[in-house]
Structures are given as structure tokens and as C-alpha cells.
Amino acid sequence: MNIRIFNSQEDLNEAAADLIGGLVLRNPSAVLGLATGGTPVGIYASLVRRCAAGIVRFRDVTTFNLDEYVGLPKNHPESYFSYMRKHLFDAVDARPERCHLPDGSAADIAAECARYDGLLAQAGRIDLQLLGIGHNGHIGFNEPDHALLSGTHVVELKPSTREANARFFDSPEQVPTHAITMGIGSILKAQSILLVARGADKAEIMQRALYGPITTDCPASLLQTHADLHVYVDTAAGRLLNV
Ligand code: PGA
């Protein structure tokens, strides 16, 4: 496990963009696993700047996002599809047909989960998976539970997750109750994983995830079993980590 603690958000963003951009430079047709939420925004901004400067190109990159809300139309401002277009896809030279998210507005959600797993299988494997972490240890929308599923599936969001994400919506009731998420098996199959956390409110869950028991009660704890895990945190989120 490679843990790095950064004094500034800028340094964290640049280091994460170095890891992702460096991979794309070495392998222009890399497969990236991408995340949404507040955590990756600055990382994507750095990648956008690098692309504008001609340092990195996304033309041949394939991307898979971790998750999407169920029931929001794709073009809803808070859909993860809209988020990705705004923060990355529309601002770089990515090709839309290579940028995949689950479709939370699909009429047949089970078929949509199977379609997504089919695309993942076709891609072979994710070279680098970017992850944030929920306060309850969720990764993607794999919420704590007595068992976790390997493949793409529908989850009911925990009240704490809906509360945390209410900041993006006009009112808490507007946060969807369900989401489609890539499963833990797909996440752990990635060649490399970059887990990023920021802020004092993530310090305790980061300690549990990295040093606590490996348990489905804290889905991120399964990352301890991964052979190439990179953890980038700011000083506040890394307060309880040993480096
Ligand atoms: P955040 O969400 O980046 O908005 O903190 C992380 C997550 O819930 O996985």
C-alpha cells in the first residue's frame, strides 16, 4: 500500500493527475475507472489543463464510471453523466462512445446492469480505478451490508449517503433512493487503484478502511487485499494514518 499525505489540495490534485496522466501517456488506450462526488473535481480540472496544454490526450482512452443514480434522466444536472461531461468529458478530447456510465434511466435496470458488466468484460480490465470513499466506508455505491455483490447491481442508498449527497440537490428529498453501482469484484479486478480522501470528516473512516478488520461492514476495507493500492489524502483525512 502506497500512502501519500499532502499539505495542499493542489499538491494532491497534481499528484493524482500525474498518476492518471502518466498512465495515459504510457498507454494512450488505457482503461480508466472513474469516480464522481466532490473528491475528484480538482483532479479532473488538472487533467483538463494538461489536455489543453497538449500534455495528455484522451482520444483513445476508455472510461467506466463507478455508478449512477436510478431514476434521474441522463441530462439531469445532478446525474453522474452530467457531472462527468461537465468536469471531464466535454473539456477533453475523450470520445463519447468510449466513455461508459450505467444508465440509471434504463427501463430494464437488471438488463442495464448486465449490459454494463458485458462492456467491462469486453474491455478486459480496468488499468487504474479512481475511488473516493463514503463516510460509512462505501466505495462506488457499495454500501455496508452483510454481503457484497461482485458485479454491477442496484443498491438502496443509506440515509447517511443520501444526506451527504443532499448538498448537490435543491432539497434532501430530491436525492434518489437507489443507484446502480459497479460491484466490489469489478473494482478489485482493476490493475491499480487510487483511493483519494479529503477533509477531517474522512479521517476515521480512512483509518478503519486501511487498518481495521476486512469486513463488508466497511466495503473500503476490502481494498487492503489489493496488490497495487495507492492512497492519496490531505493532512486532515490522513490524520490517523501511519506513513
Ligand atoms: P465525496 O463522495 O467525494 O463527495 O466525498 C465520496 C463517496 O461518497 O464515495
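Glycine is treated like the rest: Cβ placed from N, Cα and C.
Caution: TrEMBL annotation is automatic and unverified by curators.
Per TrEMBL, domain 'Glucosamine/galactosamine-6-phosphate isomerase' is recorded for 18-228.
Secondary structure from DSSP puts Asp67 (active site, proton acceptor) in a beta strand. Around Asp67 (active site, proton acceptor), the same-chain residues six or more apart in sequence whose CB sits under 8 Å from its CB are Thr36, Tyr80, Pro102, Gly140, Phe141, Ala179, Ile180, Thr181, Met182, listed in sequence order. The active site, proton acceptor annotation in TrEMBL covers Asp67 (among others).
Shown in sequence order, Glu143, Pro144, Lys158, Ser160, Thr161, Ile205, Cys218 are the residues of the chain, 6+ apart in sequence, with a C-beta less than 8 angstroms from the C-beta of Asn136 (active site, for ring-opening step). The DSSP secondary structure for Asn136 (active site, for ring-opening step) is coil. The annotation active site, for ring-opening step is assigned in TrEMBL to Asn136 (among others).
The number of other CB atoms found within 10 A of the CB of His138 (active site, proton acceptor), across every protein chain shown, is 25. As annotated by TrEMBL, active site, proton acceptor applies to His138 (among others).
The feature active site, for ring-opening step is assigned by TrEMBL to Glu143 (among others). When secondary structure is read from DSSP and collapsed to three states, Glu143 (active site, for ring-opening step) falls in the coil class.
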